[in-house]
Amino acid sequence: MNNLSYLEPDYSEFVEVDPTGRYGRYNEVLGKGASKTVYRAFDEYEGIEVAWNQVKLYDFLQSPEDLERLYCEIHLLKTLKHKNIMKFYTSWVDTANRNINFVTELFTSGTLRQYRLRHKRVNIRAMKHWCRQILRGLHYLHSHDPPVIHRDLKCDNIFVNGNQGEVKIGDLGLAAILRKSHAAHCVGTPEFMAPEVYEEAYNELVDIYSFGMCILEMVTFDYPYSECTHPAQIYKKVMSGKKPDALYKVKDPEVKCFIEKCLATVSLRVSARELLDDPFLRIDDGEFDLRSVDMEDSVGPLYRQPHHLPDYYNYPSNSSSLNRQYSNGNYPSNSSSLNRQYSNGYNSHHEYQNGWAYNPAETEETHGIELFESRNNDDQEEEKKSGNVDITIKGKRRDDGGLFLRLRIADKEGRVRNIYFPFDIETDTALSVATEMVAELDMDDHGVTKIANMIDGEISSLVPSWRPGPEFEECLAAAAAANAASICNNCVSNRTSMGSVMDFLRTNPGANVIQCCRNGCGETHGRFEEITIRETEVRLRELWKLQQQQESRELSSIDSGHNHSEEEEEEEVLYEDPENMFSCEAGNEINHISGSGSFSFMPSKYCDEPSEKTENQVQQELRWLKAKCQIELRDIQDEQLKTRWPESGEEVEISPKDGFLGSVSGLGREEDTVKEMFGERLVPKCLKRTTSLPVDAIDS
């Protein structure tokens, strides 16, 4: 049975031997790449088959000195001994033929990519087992001093002994011992190369990036950036921070999060040791993780592993018809030889439908977790969740050509979220901004697609040349910021790359679309500034502002000796209600009682008539707010009593007049009058912010 009859007569004789005479190479090619050819070879001392790897240097090296240096580096690699590193028996440089030859162990199941393609149905537990073995091998390489970096890690360079589930890192012939002079070379496969490799300044963490791409390849069966047709396109995407499209096919949140952790920027990327301690890879011996890793099939259904799978439904791990002694080479494709009698006494009756193994148990209720998105189910869920909220969006063009948008989300309970954010039409897409917004502001109840479509529609109205459409090239840009604590700075945000709401309001005083601080207290989340208010709080604040304006007009009339015009008395104040835009005239809204701090309501034709109970509550709250402002003003006034006049230098004592302490907003509006009386240093500019008291002050 086990004989060498499959070898042709020409392969029975050595065509080349190593300098020691121990290893002989046959003319049988097991695999071939761009610069390397793998032959079957034999170890005469041990009597085992090995793999003879031959690398053509061509113009890689320009002098004999370079060859000698490379020989010394590769020779050190045979000292690496680890159970998850391919055994490296010997290596030498053939200077005459400009070849590098190295002999390694032979594997029964080929590369991890070939093995994964043959076995499409793999439980996620098995994938975690492979990941742990690969990480142990990387940790061993990186623990050397100086570290050894692989520089070309991919599933084609990871090998499997399928009968034992053993995974080993191979193809170390192109690896280098990390030194300053040796690490500065751009080597590897473009799809698996980290951004810092293109910059030719990197360390051992480039292998972690490649490892993340290997997991993505194991899950999706595709090379990363398979959507690109040219290496230049891959380079552009990698350097701009765009992740491969295949990443967005992964639905399992744990798998996706683990991959993103490996693909993080070099400053945030973790080591192999830290990844081994990651909760994702922790599975106790008695624990069962029943999620299956399936490949998305465009022609057939996606079957999931049932919760209870009898032993006789499991495929054998090893089959002599499939696992022939091939390594590093081409493998026969799947055949119908699986449908035969196995040694365990059970018949396999699985039939193939569209390339998938069919199992009767899989037609029943399943409990697996799919790794790929089901767009129809997601859309239905989003529509169900978004039915309880009203989402609108408005935008405005800035002087520099940029856009500033406000997203307004109102629910049935009267809670309103106003989210202000900039939008760069050159670099941003509606989908990327919507995805970032949902992650930053924890907006799980609102669909990303719906928000993206609304952003597209508003931008199209502001920029006629805008071309809307979803693009899945962008991913979450601030994952670390999403976990950071949200700190409220009383609506004064930190400066972002696109500016802030406060900067926009200062530079655009006449903006009607953007209304912010008077309605609530804001929080900054990355580029987004959020102000959350309630409908009753909006009404309360507007009434308080109207009373302040009435008192300030009376004060100004007494201090300046002239009356305001009839137009100023009838000045309108606009504010936004959750349902409509209300216009309440100050003269009709407030009937001020001279000499008292109370007021009465006179409903206008645009405002709802409040009940007696609501009116009493509003009066009580306004009296509390007024008293608080008066206390603050008295404290500031006491500190300024001994301030000198700028011109004469004489000490001035300020005597507050009746009603002077009644309005914070009045001081802001009558700033010129106060300057004439007391000088610029007496103007309490900081008091302007009390017109936007925090929401918490009203509830206390």
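Positions of Cβ are set from backbone N, Cα and C atoms, glycine also.
Given the ranges 551-575, 576-600, the record in Swiss-Prot names 551-575 as region 'Disordered'. As annotated in Swiss-Prot, region 'Disordered' covers the listed stretch 647-666 rather than the other ranges in 347-366, 607-626, 647-666. A C-beta separation below 8 Å, combined with a sequence spacing of at least six in one chain, links ASP171 (active site, proton acceptor) to LYS36, ASN53, MET86, HIS150, ASP152, ASP156, ASN157.
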